[in-house]
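Chemist: Not my notes, these are from Swiss-Prot:
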BINDING   203, 204, 205, 206, 207, 208, 209, 210, 211, 212, 213, 214  AMP binding site
CARBOHYD  21  N-linked glycosylation site
CARBOHYD  396  N-linked glycosylation site
REGION    462-540  region 'AMP-binding'
TRANSMEM  71-91  transmembrane segment
């Protein structure tokens, strides 16, 4: 990091690196484009929220949990929380009470900000289970975002209505009340950067695909370094569209830094739906967006020959795909739908590491194997270690799979309550198996998820990629199940048909896979048709959940036979 670079997140965001029209919007509501914020308005809103949180006696290092869907207010809340000296943590607004209770136990927040439609779930978690008067979290520490337009009106009105706030939801606090304390500057660091490295800024919940989520703590320094790693100048004006959740680490990085630091407009949607997504790209001339593999499949299955869809996507120049494994073939299909100068590429990262690999924008003549998750980004070191457990480092090995280990300035500090996460030299074991070829890295799968078939290691990711090529398959997931004689694991596929009326038979699926894979990779565990595959908000398959459903299915079959 340059010695003149600000070391706290808020200063870093507002250290604008571009000449721009200060009256132009930097954050735009994709569903209601007239709802937007300029850089000046955004900065004012952040300082107002900091003043309001300060009035609530928020102490340095306390956690504030944000339980909201994407909106143009979300980045302001994040920066205000960090700016007052607190620690941000986000929660999925669709979390069940059980899931939210787990996050509350991790975060131990001093204040919760939720929405009108999600307040009831929060109250289930914060009220005493006995129905008594004692609350787990006092009612005056649960604040509600009732109406975005009301917040914007209050923030920028010359005569804000100080009677607002307590009136909404009776004794629940409306966050407009936070806007009635004037403005207050954010906390900065007055040393050479050491405080930035040890001061927590945010906690992000890990994916929870193989167990309960943990809270990964990230410092100011780590988040700034993560942004520096992914920032890359491009030869076109950048307007971004984001449908990924802002409570997710990658969504937060995109929404926080790019609009403020580089005056690059960001259009926000609450989630991915095809029609609003295409409309936002077309209306705003979006040049960059970020997709999960599930979103890619929706796009390429939605009449890819349609001229109207192709026209809607024509302004795109860079599409970054990540969050879960994907094969090169659907990426190439998406590439073929875009402008000749567009680039579709993968990225790989974790909550704990941020984005470590990425293929950045380049012209088609210089493009790469789309099956790769990319090259190592600046600020990181990586190595592959023998998966047998010997600890042997696979130095410069080509196409030999090994467990990925990472170190660098963008790594998380620790899991909350679990300080030890790296070895003595700072290497973090990711649990992902990869191989490298010509400096590009390729994902094989998770070590825990590899299926051991009669001595062979079978990657469910590989089988899922082949299943996705079947013309009658919409989605699929593969897990290992124990053979009836207990001698081996066998691959079992859960398949979502493109149409139940024309679904393939299990035999069709078996034959399709036999023609494409080695014998030990056959779906000897069976094929099960389902309505949907359980995935997390980033698109990753929740294999623990799928295994639980599989166990229930086997028990039911045993009862009926």
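Backbone N, Cα and C atoms are what each Cβ position is placed from, and that goes for glycine too.
Looking at the shown structure, can you explain where the listed features end up?
Modeler: There are 26 other CB atoms within 10 A of the CB of residue 205 (AMP binding site), with all protein chains counted.
Over all protein chains present, the Cβ of residue 396 (N-linked glycosylation site) has 8 other Cβ atoms lying within 10 Å.
Looking just at the region 'AMP-binding' (462-540), the mean pLDDT is 91.
Counting only same-chain residues 6+ beyond the ends of the transmembrane segment (71-91), those with a CB under 8 A from a CB of the stretch are 8-10, 13, 27-29, 35-37, 42, 45-47, 49-50, 52-54, 58-65, 100, 103, 106-107, 109-110, 113, 145, 148, 151, 184, 186-187, 200-205, 215, 217, 220, 245-248, 252, 255-256, 259, 268, 270.
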Chemist: Looking only at C-alpha atoms, tell me how far residue 213 (AMP binding site) is from residue 396 (N-linked glycosylation site), rounded to the nearest Å.
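Modeler: Checking the Cα atoms of residue 213 (AMP binding site) and residue 396 (N-linked glycosylation site) gives a distance of 34 Å.
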Chemist: If one looks at the chain holding residue 203 (AMP binding site), which residues at least 6 apart in sequence have a CB under 8 angstroms from its CB?
Modeler: 63, 87, 88, 89, 106, 107, 215, 216, 217, 218, 416
Chemist: For the C-alpha pair, I'd like the distance in angstrom between residue 205 (AMP binding site) and residue 396 (N-linked glycosylation site), rounded off.
Modeler: 34
